[in-house]
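For reference, the structure discussed in these notes is given below.
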Amino acid sequence: MTDIRITGIPKEAGFGDYVALLKPRVMSLVVFTALVGLLVAPVTVHPMIALTGILFIALGAGASGALNMWWDEDIDRVMKRTRNRPVPSGIVAPGEALGIGLALSGIAVVMLGLATNLFAAGLLAFTIFFYAVVYSMWLKRTTPQNIVIGGAAGAFPPMIGWAVATGGVSVESLFMFALIFMWTPPHFWSLALFMKSDYSDAGVPMLTVTHGRRVTRAHVLVYSLLLAPLAVAGAFTGIGGPLYLATALALNGWLLVGAVRIWRRDEAQAEADRYRVEKGFFRFSLYYLFLHFGAILAEAALKPYGLGGW
């Protein structure tokens with residue numbers, strides 16, 4: 001029997017490719033923080049409304065991912081980290097990604113408004129617009145402060161979850177927004193330290209590309225120094241408590257140790273161990289955010305038993 005290999009035929013998009021188009025890893029963080037915002041709000045929400053609200057917030061996050069992948073197809077194709085995504089790899093056509101992103105955006109916003117309230121829907125619509133237009137189409141390609149300002153897009157989900165429950169904004173929801181907003185720069189700059197060539201090849205003006213790794217290391221430290229007291233201060237809001245305080249103190253102590261280590265390293269050290277410290281800091285920063293929000297959720301879960309909060 002002759003083994004015939006056919007090449008040059010594009011792969012047909014499958015279910016998994018369309019799921020990947022929605023950036024499920026990013027969506028998981030959005031869903032979790034939105035869920036925490038919803039569950040810790042000081043009101044009782046019907047389980048069906050809560051489930052529906054989270055579903056359409058997730059759909060809105062997926063829509064943002066699809067729109068971002070449509071717009072960034074040219075630079076995603078160049079970057080090693082992103083070239084295998086459905087659009088740059090040619091599995092999903094850019095026009096198809098755009099259509100899916102727009103359709104899901106409309107469905108998510110309208111249905112969230114009908115199922116919960118107009119304020120939450122308006123906040124979701126603004127978040128999609130901010131991520132797809134303000135960040136993806138403008139900031140990402142024009143300024144090294146792209147992830148500082150653009151980080152607001154990823155910080156809105158807990159505010160949307162809170163708004164689903166309460167119909168408004170509070171000090172607590174603003175704190176959750178601020179926590180993610182201040183976490184975003186050191187998280188992504190630590191990634192940029194060991195992925196500099198990817199951003200440079202694609203022409204993305206990340207801080208490592210425009211100002212170099214030395215300046216970026218200093219920025220990681222400065223933003224970590226700003227983030228740590230903010231995170232600890234959350235213990236003294238209506239969603240904080242002793243468990244959150246202990247968690248925040250431990251995590252932010254570790255954060256500052258890691259940030260100082262990054263700041264003190266020179267390029268010879270980093271290249272010698274293939275950016276081991278920077279990669280470790282990046283991975284830790286993911287756990288950092290999940291554990292902070294997990295502690296917030298735990299405080300709320302313990303309150304009915306007289307154990308959560310102060």
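Note that Cβ sites are derived from N, Cα and C of the backbone, with glycine treated the same way.
Values in this document were obtained by computation on a predicted structure and should not be read as measured data.
What Swiss-Prot says about this protein:
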TRANSMEM  21-43  transmembrane segment
TRANSMEM  48-70  transmembrane segment
TRANSMEM  95-115  transmembrane segment
TRANSMEM  118-138  transmembrane segment
TRANSMEM  147-167  transmembrane segment
TRANSMEM  174-194  transmembrane segment
TRANSMEM  220-240  transmembrane segment
TRANSMEM  243-263  transmembrane segment
TRANSMEM  289-309  transmembrane segment
Stretch in 21-43, 48-70, 220-240, 243-263, 289-309 most in contact with the transmembrane segment (118-138), if contact is a CB pair under 8 A:
48-70
Tertiary contacts of the transmembrane segment (95-115) (same chain, 6+ residues out, Cβ under 8 Å):
18, 21-22, 49, 52-53, 56-57, 59-60, 62-67, 69-70, 73, 86-87, 121-122, 124-125, 128, 132, 164
Against the transmembrane segment (48-70), which of these stretches has the most C-beta pairs under 8 Å: 147-167, 174-194, 220-240, 243-263, 289-309?
147-167
Candidates 174-194, 220-240, 243-263, 289-309; stretch with most C-beta pairs under 8 Å toward the transmembrane segment (21-43):
289-309
What stretch in 147-167, 220-240, 289-309 has the biggest tally of Cβ pairs under 8 Å against the transmembrane segment (174-194)?
147-167
